[in-house]
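Novice: For reference, the structure I am asking about is given below.
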Amino acid sequence: MGIIVQKYGGTSVANTERIREVAKRVLETKKNGNDVVVVLSAPAGTTDKLIKMAEEISPNPHVREMDMLLSTGEQISIALLAMAIYEMGYKAISFNATQVGIKTDKAHTKAKIQSINSKKILEELKEDKVVIIAGFQGVTENMDITTLGRGGSDTTGVALGIALKADEVEIYTDVDGVYTADPRIVKDAKKINCISYEEMLELAGSGAKVLHLRSVELAAKYGMKIHLRSSFLPELGTIVKEEGENMEKAVVRGIGHSKNEAKITIVGVPDKPGIAAKIFGRIATENVNVDIIIQNLGGDGRNDISFTLPYTDLKRALEVSEELKNELSAEKVIYDEKIGKIAVVGVGMKSHPGVAATMFKALAEAEINIDMISTSEIKIACVIKDEDLVKAVEVLHNTFKLDNGGIKIEEL
């Protein structure tokens, strides 16, 4: 029929029993007439164990050596799956990223894929083999191993799907699709059968951990359909694809939230042209992704500049901010690590006002204070105290009737 790329997460290959189950699922797809390329994460917990070992050696491990270390986890999974498939009477071959030429930039621990040489993979598929590839990793032009960051195996899967012109990329994990909110928080959260790239991008960027943000960006750019499924259930999951005819009926499709947030404020920055460019240019050189930015006008020709960022990048960003404070003769740098982000997402917002007012009113009635606000065409995000996140998710899910198909335009 065609090429199917299947990516399996860490829980799917956590032990030998689960690896055998993955092998059965892979071979079921092959028996249906498809060529199958499999991308694997490291077994669940492996990456965390490796990080802990590194931190016992050094509090600040060199990023190149961290990539060398962390890339070993996936090689366990791919070799064991190849063995399992052989044991079931079929041919398989495993490769790491270097062997199949997954080229990346030089940004260790956060590398981006630049190109993939699909020749070797296609040759092995012609030999009727299942090709199994290590996710999460790549190699620079200088042959240094890199990793793509947490969740990077999703990106490997989508990038391979694009390079191989696959019919579909199936991403298997421990959840059976995208939900209207985190089902661990909202018991009445509903699975979304089909969601647009735009909406998935905003949800992924707002804390929904079902898909790596970069994987959705790539899929949207090249029109690669993603099918998110559970490794443990036979049911269909969520399809991520181009916006369809029926996707605009509900104004809000889902609620995203994230506790992995921090805020930095550089107080008393000179009010001069080029200051913001200098600040965020320097922060960008550290590969820190800034999200919400607010500038508060102060007196005496000085302003306060606040921005949010992933908590994991806080230490690096604080070091740069302190350097900038001294260079710019700013007053001080303060930070807050007890914040969270809550967002409502939906393509139905594009041309229909009232969503922001409805959201802000609901949060106010729940006595949840808003610290910062960010908007796009299809998303409204607020920074709040992390202790209020769970309540905020529940309140907004109920306000926008997401347990019952979503609030309609005429109800706003």
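Note: Cβ is positioned from N, Cα and C throughout, glycine not excepted.
In case it helps, TrEMBL gives these features for our protein:
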- K7, Y8, G9, G10, T173, D174, Y179, R184, K209, V210: ATP binding site (BINDING)
- T47, E74: substrate binding site (BINDING)
- 264-338: domain 'ACT' (DOMAIN)
- 344-412: domain 'ACT' (DOMAIN)
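Situate these features within the shown structure.
Specialist: Reduced to three states, the DSSP call for T173 (ATP binding site) is strand.
Residue density at T47 (substrate binding site): 21 other Cβ atoms are found within 10 A of its Cβ, drawing on all protein chains shown.
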Novice: What are the DSSP helix, strand and coil residue counts for the domain 'ACT' (344-412)?
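Specialist: The composition, in the requested order, is 34 helix, 15 strand, 20 coil.
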Novice: Could you measure between K209 (ATP binding site) and T47 (substrate binding site) for me? Cα positions, answer in whole angstrom.
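Specialist: That separation, Cα to Cα, works out to 17 Å.
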Novice: Counting only other Cβ atoms and using a 10 Å cut-off, which of the binding-site residues K7, K209 scores lowest?
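Specialist: Relative to the other binding-site residues in K7, K209, K209 has the fewest Cβ atoms within 10 Å.
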Novice: Assuming the binding residues for ATP are exactly those in the record, K7, Y8, G9, G10, T173, D174, Y179, R184, K209, V210, what is the maximum CA-CA distance in angstrom, rounded?
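Specialist: Maximum Cα-Cα distance: 24 Å.
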